[in-house]
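Only one structure is covered here, and it is reproduced in the block below.
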Amino acid sequence: MAYYQPQQSVTTAMSDVSQEDPSEGFGPSRLGVRTTVDEPLSASQAIEVLQAGNRRFVQGDVKAGGLGPDMRRALASHGQRPVATVIGCADSRCPVEQLFDARPGDLFVLRNAGNTCTHAEGSMVGSVEYSVAILETKMILVLGHTGCGAIMGATKLFLERSTQKYIEMTCRKDAQESTDQSTEASESAQPPQPGCSKKKSTLLGLLDALVPVAEQACVELEGGSTEEIAAHAVKVNVWRTINFLLSYSLIIREKVASGEVELQGAVYNMSSGAVEFLGKSPKQEKLLNHDGHVVPSMGGLARQVS
Ligand SMILES: [Zn+2]
């Protein structure tokens, strides 16, 4: 099947997905681009075309070019039927559609710094719910990436706070210091907190929400350099976002529990261009029994998900 060539029928198109060379396309499309006249792809089919698209990207054999007038009109007239929902980082070096060799209409993409849900006050979760409930995507992929600046920022903040806590403890134990000196040292060691810092910002809130990710990575590694902790935290953060979705979206949880939708993780390697697919969260089965259905606000219940 030629890439994005219109199909004769939906039945024929769907059968082509399992029989064709996966390197030949990004899912069937009767009108040359994916629209609501096409059937949704299953989770396994979606993963297959995502993997094939990334292989083309890595090999420099990309197929997704510009859209002609007919394709644009088809998208405008017939609505969207993307093959997957992807939550990625806003990093300009990680353009989700391009690294999967996808066209407009192929992917429902949500991006923010750190590919996280913890700071989004529900907008990310609500958007994912829209994609699975209305657009009928069966695959939700949370995509982290190497060298993530948001994760590095959170890691540095975590390590700064750890150092400050150590200094504070040392000062309190120092019997030679006067009470006034100890108090002054303790106050100066307080980490910046959202809501009370003179440098309060939403950015600090975002990094603050990611600090538990760095903390967990540090614990799992039993220490390490800032770079080592940040690198491991990228995967920890992917699981955290997935676990958050499972914990606080009844719609997603029910669809995953029924087997209709799959929620998987992946990490994009900026150097090689390859996406490492990580599969399902190790905590999925446990979280499917979670009873949460209201997304917590920033810095609140989000800390409880790990
Ligand atoms: Zn990033």
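Start at 1 and count along the chain as shown; that gives each residue its number.
A Cβ is built for glycine as well, from the same backbone N, Cα and C atoms used for every other residue.
Just so you know, TrEMBL annotations never went through curation; they're auto-generated.
Worth saying up front: this structure is predicted, and the values here are computed from it rather than measured.
Copied from TrEMBL, the annotated features are:
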type     : residues             : note
REGION   : 1-33                 : region 'Disordered'
COMPBIAS : 1-17                 : compositional bias 'Polar residues'
BINDING  : C89, D91, H145, C148 : Zn(2+) binding site
REGION   : 177-197              : region 'Disordered'
COMPBIAS : 178-190              : compositional bias 'Polar residues'
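Around the Cβ of C148 (Zn(2+) binding site), the number of neighbouring Cβ atoms within 10 Å comes to 26. There are 18 other CB atoms within 10 A of the CB of D91 (Zn(2+) binding site), with all protein chains counted. There are 22 other CB atoms within 10 A of the CB of H145 (Zn(2+) binding site), with all protein chains counted. Within the same chain, the residues at least 6 positions away from C89 (Zn(2+) binding site) whose Cβ sits under 8 Å from its Cβ are R111, N112, A113, G114, N115, L143, G144, H145, C148, A150, listed in sequence order. Cβ proximity to the Zn(2+) site centre (mean Cβ of C89, D91, H145, C148, cutoff 8 Å) flags the following additional same-chain residues: G88, A90, R93, C94, A113, G114, N115, G144, T146, G147, G149, A150, I151, V234, Y268, M270. In the three-state DSSP classification, H145 (Zn(2+) binding site) falls within a strand.
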